[in-house]
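Some features that Swiss-Prot has for this protein:
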TOPO_DOM  90-631  topological domain 'Extracellular'
CARBOHYD  Asn100  N-linked glycosylation site
CARBOHYD  Asn128  N-linked glycosylation site
CARBOHYD  Asn153  N-linked glycosylation site
CARBOHYD  Asn273  N-linked glycosylation site
CARBOHYD  Asn354  N-linked glycosylation site
CARBOHYD  Asn371  N-linked glycosylation site
CARBOHYD  Asn460  N-linked glycosylation site
CARBOHYD  Asn506  N-linked glycosylation site
CARBOHYD  Asn553  N-linked glycosylation site
CARBOHYD  Asn565  N-linked glycosylation site
CARBOHYD  Asn584  N-linked glycosylation site
TRANSMEM  632-652  transmembrane segment
TOPO_DOM  653-698  topological domain 'Cytoplasmic'
Amino acid sequence: MNPSEMQRKAPPRRRRHRNRAPLTHKMNKMVTSEEQMKLPSTKKAEPPTWAQLKKLTQLATKYLENTKVTQTPESMLLAALMIVSMVVSLPMPAGAAAANYTNWAYVPFPPLIRAVTWMDNPIEVYVNDSVWVPGPIDDRCPAKPEEEGMMINISIGYRYPICLGRAPGCLMPAVQNWLVEVPIVSPICRFTYHMVSGMSLRPRVNYLQDFSYQRSLKFRPKGKPCPKEIPKESKNTEVLVWEECVANSAVILQNNEFGTIIDWTPQGQFYHNCSGQTQSCPSAQVSPAVDSDLTESLDKHKHKKLQSFYPWEWGEKGISTPRPKIISPVSGPEHPELWRLTVASHHIRIWSGNQTLETRDRKPFYTVDLNSSLTLPLQSCVKPPYMLVVGNIVIKPDSQTITCENCRLLTCIDSTFNWQHRILLVRAREGVWIPVSMDRPWEASPSIHILTEVLKGVLNRSKRFIFTLIAVIMGLIAVTATAAVAGVALHSSVQSVNFVNDGQKNSTRLWNSQSSIDQKLANQINDLRQTVIWMGDRLMSLEHRFQLQCDWNTSDFCITPQIYNESEHHWDMVRRHLQGREDNLTLDISKLKEQIFEASKAHLNLVPGTEAIAGVADGLANLNPVTWVKTIGSTTIINLILILVCLFCLLLVCRCTQQLRRDSDHRERAMMTMAVLSKRKGGNVGKSKRDQIVTVSV
């Protein structure tokens with residue numbers, strides 16, 4: 001290529017170099033591990049709980065039912081997405097964090113206990129030997145031996161509590177005897193006896209004293225009268241048949257400020273039969289010496305001998321267990337289970353003997369001779385929700401408080417029990433009413449005004465809503481995965497139960513004796529009975545939940561729409577309710593329930609259903625640009641004029657852009673020509689006119 005051709009060739013376009021140092025510096029600072037800046041309102045989110053997932057599923061199902069949409073995984077996901085997006089996108093109003101809303105809440109099965117009262121129904125007390133102690137049998141107690149005897153300090157309220165022991169307000173223990181006659185014919189031996197001695201409940205008033213109200217039909221229970229003769233049994237001392245009966249008169253077990261407790265079961269003891277006696281006969285009541293002799297410690301005496309010139313008779317025939325009940329100031333049911341706890345506190349002793357007739361000083365002489373070589377240890381147990389508090393229990397009637405320091409929580413009583421302590425029957429609380437505070441108003445679910453606020457935020461911050469929506473979708477995938485895993489686990493647990501049931505059926509083949517099978521069936525029946533009792537409490541709690549309208553963001557307990565009024569229910573009343581007190585200063589639960597149920601009914605019509613979904617649809621329709629145009633002009637002519645104006649403006653912008661681009665090209669060519677001319681050393685000298693023209697025209 002010659003120099004002339006090089007001169008004719010246009011020089012290359014020079015690029016405009018920018019200063020890239022600041023951009024490079026910024027790129028060097030960018031790292032993927034850098035944390036995002038947290039805004040002042042940002043809060044650390046906790047992982048979703050199972051209760052929140054369950055509540056989210058319930059709300060999504062409810063919305064689909066109200067809108068009559070088929071429940072498919074896709075529709076459930078979209079419904080859950082809508083709910084989560086509404087909650088996430090809701091702007092926090094100014095001053096909302098400082099607001100305080102206090103409502104009544106129902107907490108089912110809190111970690112609290114209360115004393116079992118005389119007005120409660122009898123509880124289930126299980127024994128390990130139903131031959132000598134009647135009642136349901138269960139030889140697997142205690143269920144958790146490692147938890148027996150845990151220390152506890154209690155201070156709870158009461159209203160006629162059930163307590164056993166040597167303390168005011170508790171039923172006192174004593175030894176009681178039950179006698180049966182063995183049919184043996186002998187000229188010397190009048191009667192042959194089998195007797196059982198064990199711990200029972202001590203009468204405070206002699207049962208032979210005639211009280212007018214004792215014979216009143218108002219307090220006499222309905223039942224079979226006790227026999228007039230001593231029950232006759234077989235010679236087998238290993239069998240004792242218990243039969244409930246009602247004695248001719250009642251005994252008073254307690255009559256003080258804690259109430260009047262009576263018992264209509266027979267209280268058998270030996271006494272002198274003075275009928276037909278011409279000489280001076282001792283009192284028909286039990287001899288103090290005899291009573292003292294028979295009620296001494298069951299461990300010291302293994303031989304009893306009663307001698308007299310008068311015949312010995314056994315009063316109050318019948319083999320029946322005590323069934324105490326309260327009759328004043330309130331009336332309650334019978335509680336036969338208390339005796340099963342008392343009799344298990346000491347082993348029972350089995351006696352065998354007879355009554356012989358001799359002649360001394362030409363007079364008949366009667367001797368009762370009893371011997372014992374057999375004792376049987378017993379065990380009585382309760383099952384949840386019931387427990388036994390054992391220790392130095394103090395009942396304070398002035399403050400209606402039961403206190404016990406360093407007490408033990410037990411479920412079983414056996415022969416190692418020390419009667420220097422007392423026994424208080426307690427159970428888990430079914431539920432309590434407490435005021436709770438929230439940082440927002442009570443809502444049954446994300447309501448219409450929340451949807452409206454969200455839609456306003458969508459219209460004003462569209463880009464922010466898109467990013468929020470993406471984040472919500474990603475979060476909801478994790479939530480859905482968690483729920484799916486939980487569903488699989490639940491399904492697996494059901495299969496495990498079936499597997500256990502199959503194994504349980506197969507395990508019955510390993511039982512080799514009918515007694516073992518009977519014991520297993522008895523245990524299963526007892527488990528079923530206790531389960532029914534426990535399920536009854538659960539059903540009562542569910543009944544309350546169904547009748548109440550609860551806040552949408554709670555599932556473990558129920559926050560009701562009833563506002564807490566401190567002037568009407570001060571905190572001291574709530575505290576006494578939590579302690580289990582039932583006096584005039586305690587919270588009136590029945591009245592409070594009526595108010596809360598009425599408030600729940602008033603909010604039933606405010607639950608957002610189809611109206612809420614319609615509001616969402618209307619709000620989303622506002623995102624259509626056509627609706628924005630319609631808001632400016634409502635006629636077609638005006639809309640057409642607006643469109644023409646927009647097109648004219650667009651055309652004007654395009655023409656201006658093209659003109660600016662042509663001017664820029666002309667300037668750039670002129671600059672290139674000047675650059676070429678300035679680089680020539682000799683200018684145009686020696687060049688022909690044609691070359692000059694060619695060079696310039698390039």
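Count begins at 1; order follows the chain as displayed.
Any Cβ shown, glycine's included, is placed from N, Cα and C.
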Statement: Cβ-Cβ distance under 8 Å, sequence separation of 6 or more, same chain as Asn153 (N-linked glycosylation site); the residues meeting this, in order, are Cys404, Glu405, Asn406, Cys407
Message: Counting across all protein chains present, how many other Cβ atoms fall within 10 Å of the Cβ of Asn354 (N-linked glycosylation site)?
response: 19
- prompt: Quick one: mean pLDDT on the topological domain 'Extracellular' (90-631)?
  reply: 70
- line: Closest by Cα to Asn273 (N-linked glycosylation site), out of the glycosylation sites Asn128, Asn354, Asn565, is Asn354
Field: From glycosylation sites Asn128, Asn371, Asn565, the one whose Cα lies nearest Asn354 (N-linked glycosylation site)
entry: Asn371
Message: I want to verify one value. Collapsing DSSP to three states, which class is Asn565 (N-linked glycosylation site)?
response: coil
Field: Packing count at Asn273 (N-linked glycosylation site) (other Cβ atoms within 10 Å of its Cβ)
entry: 17
Task: Output the one of Asn128, Asn371, Asn565 that, of all these glycosylation sites, has the highest number of other Cβ atoms within 10 Å of its Cβ.
output: Asn128
